[in-house]
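Feature annotations, courtesy of TrEMBL:
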DOMAIN    22-92  domain 'NXPE C-terminal'
DOMAIN    253-734  domain 'Cas1p 10 TM acyl transferase'
TRANSMEM  269-291  transmembrane segment
TRANSMEM  355-375  transmembrane segment
TRANSMEM  395-428  transmembrane segment
TRANSMEM  449-467  transmembrane segment
TRANSMEM  473-494  transmembrane segment
TRANSMEM  506-526  transmembrane segment
TRANSMEM  561-579  transmembrane segment
TRANSMEM  600-617  transmembrane segment
TRANSMEM  629-647  transmembrane segment
TRANSMEM  659-679  transmembrane segment
TRANSMEM  685-709  transmembrane segment
Amino acid sequence: FQGGDTCEYLLSSGRFLGEKVWQPHSCMMHKYKNSEAKNCLIDKHVVFIGDSRIRQLFYSFIKLINPQVKEEGNKHGNIPFEDKSASIKVDFLWYPEVNGSMRQRIKSWTEGSVAKPHIIVVGAATWSIKIHNGSNEALAQYKINITSIAPLLEKLAKSSDVYWVLQDPVYEDMLSESRKMITNEKIDAYNEAAVRILNSSSRNSKAKVKVFSVSKLIAQETIMKSADGLHLPESSRDTNAMILMNVYCNKIMKPIDGSCCQPQPPLTLIQKMAFCFFTLSIIGYLIISLIHRNNYRKNKSCTDLESGEEKKPSVSTPSVSTLEMLLHSFCKLGLIMTYFYLCDRANLFMKENKFYTHSSFFIPIVYILVLGVFYTENTKETKVLNREQTDEWKGWMQLVILIYHISGASTFLPVYMHIRVLVAAYLFQTGYGHFSYFWTKGDFGVYRVCQVLFRLNFLVVVLCIVMDRPYQFYYFVPLVTVWFMIIYATLAIWPQIVQKKANGNCLWHFGLLLKLICLLTCIYFLSYSQGTFEKIFSFWPLSKCFELNGNVYEWWFRWKLDRYVVFHGMLFAFIYLALQKRQMISEGKGDPLFSNRVSNVLLFISVVSFLTYSIWASSCKNKTECNELHPSVSVVQILAFILIRNIPGYVRSVYSSFFAWFGKISLELFICQYHIWLAADTKGILVLIPGYPMFNVLVSTFIFVCVAHEISQITNDLAQIVVPKDNSTLLKRLLCIGGFFSGLHLFSAIQDQSRH
């Protein structure tokens, strides 16, 4: 840990990921859009002073504001730029040498009531080397001139952002005869003089001139592509302009994926209260543990003085009370949440941008598939989508999704489309699993609903409090929660139709199908009526749960993307259970699901369907168009996979215990990755061990998986305590939970008011 000033790293160090993607050391760089650049620089005056290299940087900078700008005008003169819509002024002032003229211009800003520029970017040296033929006298004069200018720049730095751009190296082999005297040795001497003199008199860190030395590193990698050996290629100067924008704008715009130059966010009122709660839980648990241990020691077997024999205690082990278990769970959870906060809110660990390559995605995929096949075991039961098989399915899908996220594979459209199918498959299992339970068990009690809602939402609610994020930010949990409630409402509303009732009269099957048709109609209507959908979820208190950035559009987008797949899961469960009840399928060990002929035909159709979907997804050219088709066609590959996995008897009789283990904690893995595996709310990668990417991934992954497993255990323990089976006790707990959320809403309102 070397302090929290990531601006220093952004301006001075980094490396290339691939050919054009620049990665600053320890932090993430945001790619600013034109609208964001305008919002940041509104009513600002920016000045670039220097030679042709600074002019290049000037043009790249104003193109971030207006990409239509052309590099025209007098090359050896001043060039003004103004964006009247945002009141932004950016000027280039032609001063190719550090001399008296440059000093006079800078001095004018320090005197009287002259308006000072908000950002000043200065740099020059190559003209001094060229005009004076690289003489030592010119270097001595450069030192004198920069010494006279340094105090003025430092004075301006008290109220403005001042940057001194060090000279980039040249590609000497490509230099024209008139520039042969500009050597890298001379450039290094001029840079050394500038660094030594600037800020030599300044003790106030806020009044320092910022040295823009990162351009040198970028030039070292790209100057060979220069057209003349002196000026940087366009991609490199664009990178420099983006760095400059990040240095100034990140602290103003606070982009999620721009951790460079962002201060640590202050603790909110709710976060402080959470910290106090977890601290008290830890203290309370330690006190109770000490009391129990002390009582246990007193009850230990002691020697009878008269007979000399040992007396056994009446209690051999200390009993664990509900309070102790509760405090123990919150104690562990408090320590885990501290790690979450340190990873993704405190400026303690480094963060880096993602960078996609085919090898970074496909090699880990092959590796985990080999591991999964290696851990093959026999299933306890051979039914279609039995528990081990669904855990295995969730497990390998979750691992693929994790690799997809950390490798940044969303930029590769064919991979993106296949991952969308995996997310849809999770929701398919939601529809299949919950429908199967309610249809076969007929249990519509409050206990069942509360258990499911608690297990789904507990971790997310805690993270919303600790990490200061809205509920909708963890979009998958709201999605499965809402769909669970829709499934429950569909089946619980009168008339309640369950398998036991339907077996007595076949007409009830038609009644259930009628319910499913009504559900499909509602889904279809809402999917094509964005206004109605947004009105429903804009009512308080739903708006508090489903708004993100002040509107519910993100929630609408997520819901619409997989709107039919839960219905498909419910329908599949209904058809499968009906076939199973009528013994139309064979689920014996090693037996094919249907007769050999039917099984072979279905297997052939499934393989063709699976491959056809993959070919279509791989040929996608436009994400928006493919997303429009996805809700209707994703079920094809899901059903094809289910049939391929279950029709052959041998394949149905085995499962991968490796994947199944991850499947049992898939929800925790999906949520925890946001903050302790990825970083900056999934936009980057957490760096615990800088300089060793593979070792870093191994260490962070090990911690991440252990934490997810532990949180799964904590959730299960707390679910037994918070959601008891006794209805009267459960009602009291629900009232307490209602009071908790009411208090949370009150403090959230106070918090929002204080922010505004």
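Including glycine, each Cβ sits where the backbone N, Cα and C put it.
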Residues from the same chain, set at least six apart from the ends of the transmembrane segment (473-494), whose C-beta lies under 8 A from its own: 423, 426-427, 430-431, 434-435, 438-439, 444, 449, 452-453, 456-457, 460, 463-464, 515-516, 519, 545-546, 548, 554-555, 558-559, 562, 566, 570, 667, 670-671, 674, 681
Other parts of the chain folded back onto the transmembrane segment (395-428), taken as Cβ under 8 Å at six or more residues beyond its ends: 354-358, 360-361, 364-365, 368-369, 372, 476, 479-480, 483, 561-562, 565-566, 568-569, 572, 613-614, 617-621, 623, 626-627, 630, 634-635, 637-638, 641, 656, 658-664, 666, 669-670, 673, 677-678, 682, 685, 697
Maximum Cβ pairs under 8 Å to the transmembrane segment (659-679) - stretch from the list 449-467, 561-579, 685-709: 685-709
DSSP-assigned states of the domain 'NXPE C-terminal' (22-92) in counts, ordered helix, strand, coil: 22 helix, 19 strand, 30 coil
Overall pLDDT for the domain 'NXPE C-terminal' (22-92), taken as the rounded mean: 94
